[in-house]
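Annotated features in TrEMBL:
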type     : residues : note
TRANSMEM : 21-41    : transmembrane segment
TRANSMEM : 53-76    : transmembrane segment
TRANSMEM : 103-125  : transmembrane segment
TRANSMEM : 145-166  : transmembrane segment
TRANSMEM : 178-198  : transmembrane segment
TRANSMEM : 218-239  : transmembrane segment
TRANSMEM : 251-282  : transmembrane segment
TRANSMEM : 302-319  : transmembrane segment
TRANSMEM : 361-379  : transmembrane segment
TRANSMEM : 399-421  : transmembrane segment
TRANSMEM : 433-452  : transmembrane segment
TRANSMEM : 472-497  : transmembrane segment
């Protein structure tokens with residue numbers, strides 16, 4: 001079922017290779033990354049044990065990068081072997097597995113975008129709390145609620161910006177990206193000053209620096225893989241913006257590969273840079289730790305560098321998150337397109353405005369994101385504000401779902417490439433199949449081990465305190481329930497919503513839908529775009545008559 005447009009798209013509503021590379025790189029590389037580092041330097045515990053991966057983080061990032069590149073290659077093969085539409089992964093799963101898997105992939109995509117939306121608010125809160133200064137000196141137990149509520153308003157404003165379409169938001173995205181990467185460059189220069197100008201013997205808190213301990217355990221590796229895999233997420237949702245990309249089948253693969261190469265280099269270089277700069281213990285916001293140590297190095301009693309650092313980090317975070325949230329909301333509005341095209345959701349949801357943006361799709365994305373923000377952030381914050389104690393559930397309880405939802409999505413897409421090869425719909429080389437099958441096995445291992453950990457955390461231990469066990473229990477249950485709820489929603493759409501919509505179609509509408517599916521939801525190494533374009537033009541003329 002074709003999506004309706006109030007106005008035809010103009011060329012300035014399209015994303016070029018240059019714009020696409022810059023937008024996707026800034027979007028993916030801007031998602032939480034450095035914020036997690038303290039977790040793997042002994043700051044937190046996993047089932048009562050400290051995680052000290054240390055310098056192992058660098059090669060773990062390399063493993064994740066290789067996995068992402070193999071996944072991206074599967075996406076690219078599928079992009080080139082499918083007719084241009086806005087389906088993305090949902091289109092490929094329809095051709096390989098049928099309706100149910102297509103719906104499931106779309107539900108995964110919509111949900112993961114909303115969870116990323118919430119994670120942006122959390123990183124804003126972490127940065128704006130200024131190393132717990134607001135908690136200790138201003139708002140007390142209400143700090144999280146005030147910052148999260150303000151973050152939600154900020155995020156919604158950023159999301160609404162995407163309503164004005166690609167023409168406007170790609171300009172905003174480019175401007176904010178330049179500003180945020182300029183600040184990133186400044187932090188890099190300061191890091192080199194610490195490396196070559198002389199390191200301090202104490203950290204930002206005045207404690208003696210202990211050498212970084214690098215201990216490798218499979219459980220720690222798997223946990224790091226899930227967390228950092230989430231940081232690479234984003235390119236699969238960018239693929240669903242097919243209607244906004246110039247010459248999609250040719251340009252989209254180029255945009256994806258260049259962006260991922262840039263992202264990989266950024267992640268690995270910055271991982272090594274921060275570790276070699278800080279050398280020892282630091283918090284989960286090592287950006288601020290760098291400025292603390294600069295004050296110690298130059299013996300500034302008024303902490304001028306730290307004050308300057310707080311200011312530019314906050315500016316950077318606001319720019320970066322506004323950019324990410326704007327793009328995220330736009331991608332979220334597109335994520336419903338495939339469901340509408342296949343008549344799994346009402347056609348009015350796919351109606352686009354003059355800027356080629358699905359207005360109702362955007363509202364659905366922002367509405368779901370707001371609901372999850374209230375449930376996982378504001379409600380626990382209110383409990384903390386009134387009682388003075390941290391709630392037993394918060395966003396940390398579901399953050400892991402983002403990682404293994406991405407793993408599920410990527411595994412499904414790689415499996416599509418393998419299945420379509422075996423069905424002889426596309427031709428793949430032996431080394432492609434070998435890499436894809438090996439990657440699927442590896443990702444499934446990570447996924448199974450993640451669920452094993454969740455069930456294991458639900459078992460009480462003698463050394464655990466009641467509140468600690470309650471957090472583990474609720475955290476595990478929420479992740480499991482959320483994951484299977486997505487599967488449940490996909491089943492409801494397939495067997496409840498879809499049949500009702502099918503009954504409302506006239507014979508003419510049914511024929512048009514079948515023709516659309518036949519012309520767009522198939523795989524072949526010889527996709528004739530010109531033929532499809534001629535057929536579409538012919539269909540438009542017949543409709544006008």
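Glycine is treated like the rest: Cβ placed from N, Cα and C.
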Inset, instruction - With Cβ distances under 8 Å as the criterion, find the stretch in 53-76, 218-239, 302-319, 361-379 that has the most pairs with the transmembrane segment (399-421). - result: 218-239
Legend entry - In contact by Cβ distance (the transmembrane segment (361-379), the transmembrane segment (145-166); 3 or more pairs under 8 Å): yes
Inset, instruction - Establish whether the number of Cβ pairs under 8 Å between the transmembrane segment (361-379) and the transmembrane segment (472-497) reaches at least three, counting only pairs separated by 6 or more residues. - result: no
Inset, instruction - Count the CB pairs under 8 A between the transmembrane segment (53-76) and each of 178-198, 433-452, 472-497, then give me the winner. - result: 433-452
Inset, instruction - Look at every Cβ pair spanning the transmembrane segment (433-452) and the transmembrane segment (218-239), keep those 6 or more apart in sequence, and say whether at least 3 of them are under 8 Å. - result: yes
Legend entry - Outside the transmembrane segment (103-125), six or more residues from its ends: residues with CB under 8 Å to it: 31-32, 35, 88-90, 93, 144, 147-148, 151-152, 154-155, 159, 230, 233, 236-237, 240, 317-318, 321, 324-325, 328-329, 331-332, 335-336, 338-339, 344, 364-365, 368-369, 372-373, 376-377, 395, 398-399, 401-402, 405-406, 408-409, 412-413, 482, 486-487, 489-490, 493-494
